[in-house]
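Trainee: Following this message is one structure expressed as structure tokens.
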Number of protein chains: 2
Amino acid sequence: MINIRSVGVPGVILAIAASALHSPLVVSTCLSVLASICTYNAIPLVSEVFIKHGRFGKDLLKEDRPIIPESMGVVVGVVYFISMFLFIPVPFISWFNGVREEGLDFPHHKFAQFLGGLLALFSMLFLGFADDVLDIRWRVKIWFPLIASLPLLMVYAVTYGGTDVLIPLPLRGFFSDKILHLGIFYYGYMAALTIFATNAVNIVAGINGIEGGQTIIIAISLAINDMVQILTNPARRDAHMISLYFLLPFIGTTFGYLKHNWYPARAFGGDTFTYFAGMIFAVVGILGNFSKTVLLFMIPQIFNFVYSCPQLFHLVDCPRHRMPKINPKTSLIHPSTFDISKSKPLGKLIIQIFKTLGLTHITIDPETKRPLATNFTLINLVLVKFGPMSEAKTTLTVIIIQALSSCLAFTIRYLLVHLVYNREE
Amino acid sequence: MINIRSVGVPGVILAIAASALHSPLVVSTCLSVLASICTYNAIPLVSEVFIKHGRFGKDLLKEDRPIIPESMGVVVGVVYFISMFLFIPVPFISWFNGVREEGLDFPHHKFAQFLGGLLALFSMLFLGFADDVLDIRWRVKIWFPLIASLPLLMVYAVTYGGTDVLIPLPLRGFFSDKILHLGIFYYGYMAALTIFATNAVNIVAGINGIEGGQTIIIAISLAINDMVQILTNPARRDAHMISLYFLLPFIGTTFGYLKHNWYPARAFGGDTFTYFAGMIFAVVGILGNFSKTVLLFMIPQIFNFVYSCPQLFHLVDCPRHRMPKINPKTSLIHPSTFDISKSKPLGKLIIQIFKTLGLTHITIDPETKRPLATNFTLINLVLVKFGPMSEAKTTLTVIIIQALSSCLAFTIRYLLVHLVYNREE
């Protein structure tokens, strides 16, 4: 037994640290807390440098339109990678501590999972930053995540390689087998997931705290799901453990960033942050072999994307900024609008359907007398439904919607799933 | 036998392509040629975008000081990574083609070498670009390669793990064994190599074509060394093969870039290129387990670094730009100078020694009457020794010096080595 008096407090701390080293999860958690503190402290330190070199944007929803340093995803990413690089040896420490001599092979496949995941993430961090600096065209950058995910898909192929899906009970009448062999299409799905996740997070944007807020809820939900699986499903333990190792430092760094991005924002993440964050979800889904579950936790992003489609595909007018606008008298934010008359015929039909479903609000421009519809984004819809609000309250409402969607996702994943699949399957 | 008439030319091409797929080196070479063409074509396409977003520099050695797009290492890097991402599955194609069924394990350790190497390279590409955009301080960025190399060092630890060096014959009297166990210091050496390689390439700079020119000579020399080893040393075949896979697309993309960077330059690489290029050499040295040989091929960079030290450590004055200056009348470039009187006592002694060795030329400023010494860089020294030259001829001279140094390196590696080591060792 350790005599506390003889070794003193540092000795006890060292002993705890040494035993904690046997639990990589404890080390990961400690590193994530440290990463959070580092990110929080680093952002104000580098803000001036970013502004001086042109990396800033104007906060359009404030009366004085202050200049805010942008691309702070660089800080989030760099701190994230430093923590991950320091962490990588930890899960393998028992191998370094003598297991090597006993002739046990090093688990290269697990190590490759870390490297492949980090490579995909670094690709997106780089491309996000390049986009912030060089303003790359949509039709080019939409393919970035596909390229970035190639090594990750190969990691999947050599680690799991499974491309079969279990057909839900109600649909089994249409198939001869209860298993559907998707083959190459499963890889197509995973590649599409990387494109979707990065871009879907990127277009829920425009008000203070929204990028960090939505992503931290998704990340925490996925981490809770990982912990539930680790505790209840021993066969899936390793897969969800690696997902946790990737998520915890992301939650840490994003939390440090969110404190500065929250209303009134002193830092913007830029595409650097949103692309990086979106890729995290795709990476953990693919590395943990739960790429379908990841989508369950992105219901608001899926809704926002589908809802945005008529504007993204130019069936109706799509202004450059679709973020809400501020009323300088009340300091409340209102939904922004677009001109209906610029719509294609199909677009006009969609506007009618959306109006009937209560998804858009039609007004008449007092000056031009032209009809206007509110822009098709989740944030504008929140303002249509709940009326004008302060910017902070709008962000909070969207985050609450994200959290409620996560509750729905857990219900589907753990309760409703038994309606469409047999329990024993 | 294939009947050419029945299958036609496309069939023959397909057959050749199919058999070539069995030789990853052929695929790598084809991809590298493609990468070269892509880089060459992409640079003019994106130049306007780079300039529009502030990524440009003035070419100070031209009379009209034209604006040249900078950070073109981004194009080199992105094309390089796309080719590598497409290439990664190729060396493992036999495993995908059915070997899996025979129960043979996938060679995860080889795969991890690719991923670890690319991760280190992507880290440096990102940090190089971040430095170009944000102009990061020396005392911060000097540590970048160390962090970037952490996963690579772990790949080394779990692939080779060897940290012993053979003591040269003349020194064996001082040691009890002919092997020296360096342990952790060997990792320290490899980490130092990454810091050295990236920064040493970065400071041989300032005239058109020099960054691309020096690195392509080093890369070609290392590739030749790889091929010699592959043909003569079966035990080291795999290690040198992976080095070739990393070098060939680098030679390809750098060649495409060099065509634009050559006098008169239409593109600058920026720190993005030099950091990326420097890291390539460290990566292949570590992955191929020949990190000492890599230094042999960087003799001009080592000389330039040691020669620069008095200025880098501020023992003598170090002007912001140490590149040569142009004489507008003759269009020839002359060595640039610094003010001797600003030197510390030790610095003055060094200037005396350098003057005696013919490493610097002392003149008197005609206006201020102060003594001036030529800046301590390889490029200035070339101009001191050979007299003022055109910019293109200066670059060519430095490249010839680099090529001659490579010949010296081969002589040391394959002939003189027998003077200090026994042949059978």
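Positions of Cβ are set from backbone N, Cα and C atoms, glycine also.
Just so you know, TrEMBL annotations are computer predictions that nobody has curated.
Heads up, here are the entries from TrEMBL:
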TRANSMEM  A:7-25  transmembrane segment
TRANSMEM  A:31-51  transmembrane segment
TRANSMEM  A:72-96  transmembrane segment
TRANSMEM  A:111-130  transmembrane segment
TRANSMEM  A:142-159  transmembrane segment
TRANSMEM  A:179-204  transmembrane segment
TRANSMEM  A:239-258  transmembrane segment
TRANSMEM  A:270-288  transmembrane segment
TRANSMEM  A:395-416  transmembrane segment
Trainee: Counting Cβ pairs closer than 8 Å, which of A:31-51, A:72-96, A:142-159, A:179-204, A:239-258 has the most of them with the transmembrane segment (A:270-288)?
Mentor: A:179-204
Trainee: Which bits of the chain, at least 6 residues beyond where the transmembrane segment (A:239-258) starts or stops, bring a Cβ under 8 A of a Cβ in it?
Mentor: 24-25, 28-29, 31-41, 43, 72-73, 75-76, 79-80, 83-84, 87, 91, 110, 113-114, 117, 209, 212-213, 215-216, 219-220, 222-223, 225-227, 229-230, 233, 267, 269, 273, 277, 280, 283-284, 287-290
Trainee: Which sequence positions outside the transmembrane segment (A:179-204), separated from its termini by at least 6 residues, show Cβ-Cβ distances below 8 Å to it?
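Mentor: Apart from its flanks, the transmembrane segment (A:179-204) reaches 120, 124, 142-146, 148-149, 152-153, 156-157, 162-167, 210-211, 214-215, 271, 274-275, 277-279, 281-282, 285-286, 291, 294-295, 298, 300-302, 304-305, 308, 312, 377-379, 398.
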Trainee: Going along the chain, which residues at least six beyond the ends of the transmembrane segment (A:395-416) come within the CB cut-off of under 8 Å?
Mentor: 204, 207-210, 213-214, 217-218, 221, 224-225, 228, 262-263, 293, 296-297, 299-300, 378-379, 382, 386, 389
Trainee: Short question: which residues 6 or more past the ends of the transmembrane segment (A:72-96) have a Cβ under 8 Å from it?
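Mentor: Sequence-distant neighbours of the transmembrane segment (A:72-96): 21-22, 24, 27-28, 31-32, 34-35, 38-39, 42-43, 46, 50, 104, 106-107, 110-111, 114, 118, 121-122, 125, 128-129, 241, 245-246, 249-250, 252-254, 256-257, 260-261, 267-277.
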Trainee: Given a Cβ distance threshold of under 8 angstroms, which distant residues of the chain, six or more beyond its ends, lie next to the transmembrane segment (A:31-51)?
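Mentor: Counting only partners 6 or more residues beyond its ends, the transmembrane segment (A:31-51) has Cβ contacts under 8 Å with 67, 69-72, 75-76, 79-80, 82-83, 86-87, 248-249, 251-253, 255-257, 259-260, 266-267.
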